Amino acid sequence: MLSVTDYSDAAILIDRTETYVGGFKGVAIVRDRRESPDTIQARELFLANLNINNHPVYPGARRSPLKKNLNAQERIVLSHKQNNISLDFIIPYFGYEIASYRYRIKERSNEWSELGASHTLSINNMPYGKYTLEIEGSIADSPKVFSRTLQLVFRPPFYLSTGAKSLYLLLVVLAAFVAVRITKTRIELKHTLEMEQANRKKDEELNEAKISFFTTISHELRTPLTLLL
């Protein structure tokens, strides 16, 4: 507590961090301990809130992709139905409200999208895949850049998942195997039928030859007997 209790109306601002206020019993020095933009070391932005399909999500909640505090996560895994998200963030320094932000999704574009003073970004209708979200913020009159990187994974629907594609491949291979087996069986059956027909034809020809032979022999034997009679 300051020992000076009665102040005059006069005060002197020495610099951005010290103010001298005169009083009847002395001078009070008020020091601002906050960091100035020029002395701030580059640190990450603070991720504040996450909304999915216009609904806020919290760590540990039912169907929530957050396993822990949002700001502690480096990777968020979402379903293909959770492809509309909004994210709030801020540079965590009290008193520096004049800030500008921008972001980009590297896999979609290398160009930055400027947000100005808005500290909320929205991403809608994201196709399934893996993305790297980069957010940058800066404070007026300061060269420092505050950045944050967040991995976003949108899982595909089941019918397009790796497991489903493996199943499709297995079914195609199985169908090809069955088709080959059926074709091979048909060829073997056709060959068997052709062999049976060929053997049957040979048997018929052999029988006809036997009949013709015996007919000829019978005729030859009857002719001399007729002459003798």
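Any Cβ shown, glycine's included, is placed from N, Cα and C.
Record features, source TrEMBL:
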- 93-152: domain 'Two component regulator three Y' (DOMAIN)
- 158-180: transmembrane segment (TRANSMEM)
> If you average the pLDDT over the domain 'Two component regulator three Y' (93-152), what number do you get?
Replying inline: 86
>> What does the DSSP secondary structure composition of the domain 'Two component regulator three Y' (93-152) look like, as residue counts for helix, strand and coil?
In response: 0 helix, 34 strand, 26 coil
